[in-house]
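Database features (Swiss-Prot):
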- H136: active site, proton donor/acceptor (ACT_SITE)
- K140: active site, proton donor (ACT_SITE)
- G12, I13, T14, G15, R16, M17, G78, T79, T80, A102, A103, N104, F105: NAD(+) binding site (BINDING)
- H137, G146, T147: (S)-2,3,4,5-tetrahydrodipicolinate binding site (BINDING)
Amino acid sequence: MNGADLRIGIAGITGRMGKLLAEAVPLAGATLAGGIGRDGDLAALARESDVVIDFTVAATVSRHAGILAAAGTPWVLGTTGFDPAAEADIADAAARIPVFQAANFAPGVNLVIALAERLGATLAAETHDAEILEMHHRQKIDAPSGTALAIGAAVARGRGVDLAAVKDSGRDGHTGKRETGAIGFAALRGGQIVGSHSAIFTSAVEQITLTHHALDRRIFAEGAVRAALWLAGRAPGRYGMRDLLGL
C-alpha cells in the first residue's frame, strides 16, 4: 500500500502530540482517517484506519491493545510509563497484529541508543560507570523518561545484564558509595524543554558522553508517521526503530 492510500487514525489527537501528528500525516502523503481523545471510540476509529498511531496515557494501553488486536488494525504505540501488565497485553496483541513500539521516534536519539549498547559492551562495568541524564518540560508526568530507560536498557544489554537488576534512580540523602555495575538515572524538569538525553560513561581517566537534544516536537510526529507507513502490511509481531532504521 502506498502512502496516498494509507489511512492513519490518531488516538490522542486532542493532545500536543496528536495535533502535530494530524499535521504530519498529510505532509507524508497519507490520509488522516480521523482521531479520538483518550476516551473516544477506538473500535470505530480502528475500522476506518489502516494503522492507528497511539499517543494517549499509560492507563489506556491495555484496553487499546485488546481493541486493536480484535480489529486487526496495526498499532504504532508512542505512549510510555505503563506497567508490566500492560507490557504483557502489548505482547499478546503483537501475536495478532503488527505493533510498532518506541519510547522516542526521533532517528537521532535511536542512534544514541544503538551507540549506548555498543559502549556498554565495550567499556567494562568495573572501569566505566554509566549514568543516564534526561531533562524535559515541566508538564511531563513520568520519570525517568521512556527514552532514558531505553538508553539504560541498551547499556545493560551491552553488558549482558537485566536493567532491573542494576538500575539506580533513587539517590537521596546518605546513599553510601556507588555500586560497581550500577546504571544511574537522573531526571530534570523545567520550562518547555522538548527532550534532552545523555549517556555518560566515566572512568578514572576519561569520560565519554553521548547526547541528543530534541529542538522541536515535530521530529517525534514525523518519526511516528514514518513508522506507520513502514508498518502497514507487515506480519504480526513487535517492531521498533531499530527495524525501521536498520540498526
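A Cβ is built for glycine as well, from the same backbone N, Cα and C atoms used for every other residue.
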From T14, R16, T80, A103, K140, the recorded positions whose CA lies within 10 Å of that of T147 ((S)-2,3,4,5-tetrahydrodipicolinate binding site): T80, A103
Least Cβ-crowded entry, counting other Cβ within 10 Å, from the binding-site residues listed as T14, T80, T147: T14
Nearest of the recorded positions (H136, H137, K140, G146) to T80 (NAD(+) binding site), judged by Cα-Cα distance: G146
Among G78, A103, F105, G146, which are recorded as binding-site residues, the nearest neighbour of H136 (active site, proton donor/acceptor) by Cα: G146
Residues near A103 (NAD(+) binding site) in space but at least six apart in sequence (CB under 8 A): T80, S145, G146, T147, L149, A150
Other residues, Cβ within 8 Å of H137, G146, T147 Cβ centroid ((S)-2,3,4,5-tetrahydrodipicolinate site): T80, A103, N104, E134, H136, K140, D142, S145, A148, G195, H197
Nearest of the binding-site residues (R16, G78, F105) to the residue listed as 'active site, proton donor', judged by Cα-Cα distance: R16
Other CB atoms within 10 A, centred on G146 ((S)-2,3,4,5-tetrahydrodipicolinate binding site): 19
Set of same-chain residues at least 6 away whose C-beta sits under 8 angstroms from H137 ((S)-2,3,4,5-tetrahydrodipicolinate binding site): R189, G190, G191, Q192, I193, V194
Nonlocal neighbours by CB distance (under 8 Å) for G78 (NAD(+) binding site), same chain, sequence gap 6 or more: M17, I53, D54, F55, A102, F105, F220, A224
Span of the NAD(+) site, taken as the largest CA to CA distance across G12, I13, T14, G15, R16, M17, G78, T79, T80, A102, A103, N104, F105 (Å, rounded to a whole number): 20
Number of other Cβ atoms within 10 Å of the Cβ of G12 (NAD(+) binding site) across all protein chains: 23
